[in-house]
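> Relevant sequence annotations retrieved from TrEMBL are reproduced here:
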ACT_SITE  Asp123  active site
ACT_SITE  Asp335  active site
DOMAIN    105-452  domain 'Peptidase A1'
SIGNAL    1-19  signal peptide
Amino acid sequence: MVSLAARLLLLVAVAAAAARCAAMAATAHPKGLRVHLTHVDAHGNYSRLQLLQRAARRSHHRMSRLVARATGAVPPAVSTSKKAAASPGGVGDLQVPVHAGNGEFLMDLAIGTPALSYAAIVDTGSDLVWTQCKPCVECFKQSTPVFDPSKSSTYAAVPCSSDLCSDLPTSTCTSAASNKCGYTYTYGDSSSTQGVLATETFTLGESSSKLPGVAFGCGDTNEGDGFSQGAGLVGLGRGPLSLVSQLGLDKFSYCLTSLDDGAGKSPLLLGGSVADISESKATAPVQSTPLVKNPIQPSFYYVTLTGLTVGSTRITLPSSAFAIQDDGTGGVIVDSGTSITYLEVEGYRALKKAFVAQMSLPVADGSETGLDLCFRAPAKGVDEVKVPKLVFHFDGGADLDLPAENYMVLDSGSGALCLTVAASRGLSIIGNFQQQNFQFVYDVAGDTLSFAPVQCAKL
């Protein structure tokens, strides 16, 4: 029989949890939040060729991680046995799943009370929100001070019995005395974060909105070059620990400025009517297609690609070419953190063949750019070169009709005009080059992806 005191304690706990969720929802998106994204290379003073090379290299690495995660072909695991002895969230030799990690855009936010500002990578391909924390067992360099939870009045470690702890793909419990939920995320290229799951107040958006009780990874053991641009990561995936899920957002959207507008700010719009596309700012009708769920890979935003058009050629492929397979492989995801679009080999070969047949320029060596298919541009009059139209056709009749600058890039130094699409196996990805100056709306509640061309720098 449960005592009256126990019942009262339970009621207080339930009321507190309900109040926290209500407070977070009310604070987070009564009208929505507007956050600015900055490209990771915005302040690097890189040449166009260097920008292409860096983006292609990051894309290849990220694609490998995403494919490894989708196919289960996990790269060599990061050794954690040494770290486990020192870290309170240690996991010994536990095998942990590979996550996407890395990305192309950063957002500014602040953590704790008093608030400490930092920049984090935004990632639609993963869920966990995390940052580096003191005391560091192993931390990479970051441009802002490392968060010290002991100096924040709103920090709270998550106990092992919490539902938040069970939401982790893998978790461990520290000693019975401390009862802290430990986590480890690996990213497939020796990059990883390890520490304890906690809750904290985050501050973000133009209005500096405070979001209490957000669960995040407080990482004291972090390594890898992939995170050097920021001090952590903000996951916007479909899993329960993503910022989108924790804030209970019905939808969110972003509008990514072009590679040439490196210093431009790309808006990320969270929740409410602020995320919708304004018809007055769209330069073409809004297109919509269903978001598809993959129970084996629940974090990704999948869509159904039904075909491609290159110039005058409609490429029709078997429905299985881009379908999600029974083992969770295959399918097409829309991803903010991969620059290049990757298509399953069968689809890419057909696309490449159509471009080679319809381009009036000779094929050139594009190895210096890191891209697969390039053409030799003329020394003069390159602006007058006509390239075949590229259209992605999605379920529901939605067509992503791209301007040439969203799939062909020119390296003026080498004279190579290159296609920003490549081949993959196990997963296809619609990358952010193809998303430039389109507003993409992820209607999580309605399982719909909508998009339309918009001048993102003016949104």
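In case you wondered, yes, glycine gets a Cβ from its N, Cα and C as well.
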> Compute the C-alpha separation of Asp123 (active site) from Asp335 (active site), stating it in Å without decimals.
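That comes out at 8 Å between the alpha carbons.
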> Over the domain 'Peptidase A1' (105-452), what is the model's mean pLDDT?
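That region's mean pLDDT is 92.
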> Give the number of CB atoms, excluding that of Asp335 (active site) itself, located within 10 Å of its CB.
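That number is 28.
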> Within 10 Å of the Cβ of Asp123 (active site), how many other Cβ atoms can you find? Include all protein chains, please.
27
